[in-house]
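Quick look at what TrEMBL lists:
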BINDING   15, 16, 17, 42, 46, 138, 139, 140  FMN binding site
COMPBIAS  174-183  compositional bias 'Basic and acidic residues'
DOMAIN    25-168  domain 'Nitroreductase'
REGION    172-192  region 'Disordered'
Ligand SMILES: Cc1cc2nc3c(=O)[nH]c(=O)nc-3n(C[C@H](O)[C@H](O)[C@H](O)COP(=O)(O)O)c2cc1C
């Protein structure tokens, strides 16, 4: 083994998200966010296609996104409860990074691998934010899968979709531990 980093390993073994609704001000500045985006962009990417990009949503963008969630929810016939829950991430949001999956034409790299890479970017951004001491949470919501919302909110093209909205701000209160998977039960060891 060439590179030992027990601190990083312990971080990965103990890390956990901080629910978006518990996050408080301040959110990272542009200068504080850039190193986190740089870490996230250093994610596995078969063929170096860079099948993702970032849209940083500052506090000032939140009312527009909440209102748009309301309008798209009504158009879809969503219940008042579904709409209120979906818009709450913007009503209470301080800063979120929309990780946008950008499907690139490739004869070699299947579309699903580009999707996996975009998911990896979301996790890498989440972990970078947590490692830097921020509270962070990877959210979606029905609106992030609605083309109308995505087009009006982020002007996404046909080959683009939201992989995740990673909220980043200051931890308000530490959440209780969440039951974790039984790794033994999930793991098959193959020796021949
Ligand atoms: C693609 C994706 C979308 C998610 N969307 C939501 C969401 O909209 N609302 C929510 O409460 N949790 C959502 N989660 C779950 C949280 O991000 C997270 O897994 C959970 O809070 C536990 O976090 P931890 O395992 O990092 O502690 C989503 C997770 C993934 C992978």
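Note that Cβ sites are derived from N, Cα and C of the backbone, with glycine treated the same way.
Overlay of TrEMBL annotations on the structure.
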{"residue": "15", "record": "FMN binding site", "Cβ contacts under 8 Å, 6 or more apart": "127, 130, 131"}
{"residue": "16", "record": "FMN binding site", "Cβ contacts under 8 Å, 6 or more apart": "130, 175, 177, 178"}
{"residue": "17", "record": "FMN binding site", "Cβ contacts under 8 Å, 6 or more apart": "126, 130, 136, 137, 138, 175"}
{"residue": "42", "record": "FMN binding site", "Cβ contacts under 8 Å, 6 or more apart": "124"}
{"residue": "46", "record": "FMN binding site", "Cβ contacts under 8 Å, 6 or more apart": "109, 113, 114, 117"}
{"residue": "139", "record": "FMN binding site", "Cβ contacts under 8 Å, 6 or more apart": "20, 89, 96, 164, 165, 166, 167"}
{"residue": "140", "record": "FMN binding site", "Cβ contacts under 8 Å, 6 or more apart": "162, 164, 165"}
Sort the residues of the compositional bias 'Basic and acidic residues' (174-183) into helix, strand and coil with DSSP and give the three counts.
1 helix, 0 strand, 9 coil
Relative to ligand 1, which of the binding-site residues 16, 46, 138 have a Cβ found under 6 Å from one of its atoms?
16, 138
Go ahead and report the DSSP secondary structure tallies for the domain 'Nitroreductase' (25-168): helix first, then strand, then coil.
76 helix, 29 strand, 39 coil
